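According to TrEMBL:
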BINDING   A:160, A:161, A:162, A:225  NADP(+) binding site
DOMAIN    A:4-115  domain 'Tetrahydrofolate dehydrogenase/cyclohydrolase catalytic'
DOMAIN    A:139-288  domain 'Tetrahydrofolate dehydrogenase/cyclohydrolase NAD(P)-binding'
């Protein structure tokens, strides 16, 4: 078993970004919309601010009360988009459950949508016309490139169809013409995982994937942490769920699964830091397109 | 084995649309962009014109030379979108291979995109914010509703990730949180089909699905005909392929597979006529939103 060291790779990527950033003749700014005062949200934002500071990106936090309405938040977003000189905008998820998250996400124009979560950015990505990848896709691609893992001829199992992991990963696998199975919690997960060469889990459910469900030599990507703490209901409307536990634990029982896996991401230190690095990569790519 | 009679259901749907149409206080018009003089394209257009005439929709065909460039075609599209009083616009596929089809499709604004093929319309659909379904999705949903076929607890196999069948079907299945496997020609199709409760094929490859690949009691949706004659490459750029044969034959070996299937679509008379009906349903839904 070899560890897919996302933390180390994220460090290398950020070092590379620092060089690319020097070629851009202005200081970039990234706005983060934060609603309420969830401690997990605060932790995610702190991590992004840390990387912004490291790179010299102007990171501006826009805080709103947890009781704000979807309409008021959208109105504030519109003002942000048009008035502030922001090169990128993120809406920190999860939002309070009363807010229609997708409606808010759609207020971010594609050229500033570093998270690729608006309908327009997702649409561009789904038809192969996006200059940037959804962060989790960029993270998985970076690991696959680094560790020479190839999709060709492989069977992939994707667990969870949430907006932050399963949906963008599935959309990417469609573009790649990969063979893959999507399965949700409550579906027959074992049927999908037992023959899979690669498992990508974003269910946000600790201990969901255990050793008896996987085959020897499997590649396991555990994205069921911070990124897994946000899902969409059957109509596609995102619903915030508590991310407290999910931010600390992945979907995979690392102790047992790592004994059968050829490659596996740890949690923390796997997909998480790479996803944050990809947000800044996207910021630089989008800003370079102006 | 029971036949999923798409032709009969399409007739019922069109009868229902005629009533809905009467509630709209203006005559609707549908523009069809046709490039070159492919006989299969002519056949598809003739079928759409027939339904338009039946409903009293003003069907306008805009023909362009096969040698037109992507840029010139886009410029013509822009003029069409802004000048003509069209309630809906279709770009008849396949386009000549030299044309960047997705770039042309993206010129159709979402509120007129009855085919749901532009990046914006696909994006809206993928986040659950589209008022209309991609025609093939509407067609499959109509059959499932009519014949009481439910996705819950079922395993679906989707063959082919093309822009007209596999991609929209997969996007729908993601929204439905269904368990499904995507597989392309060249992948291990049997591994996907042998355990599937429902098979949806849009590969555009006659005889691809045979009886030995499916289990007893399977539901088989063969969309590998007209709709299968268009696919995207790995970058997501659509590529036209010859649809001559595909317009007449499905992916499924009906003779043998029908002996094991509980429900199966014939070709012709299955998904094809329903897909055409759905274009007009979308036209009426979109026009009603003005």
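Numbering starts at 1 and runs along the chain as displayed.
Placement of Cβ uses the backbone N, Cα and C atoms for every residue, glycine included.
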Of all listed binding-site residues, namely A:160, A:161, A:162, those lying near chain B with CB under 8 A: A:161
Count of other CB atoms lying within 10 Å of the CB belonging to residue A:161 (NADP(+) binding site): 29
Number of helical, extended and coil residues in the domain 'Tetrahydrofolate dehydrogenase/cyclohydrolase NAD(P)-binding' (A:139-288), per DSSP: 51 helix, 31 strand, 68 coil
Within the domain 'Tetrahydrofolate dehydrogenase/cyclohydrolase catalytic' (A:4-115), residues counted as helix, strand or coil by DSSP: 56 helix, 18 strand, 38 coil
Cβ neighbour count within 10 Å of residue A:160 (NADP(+) binding site): 29
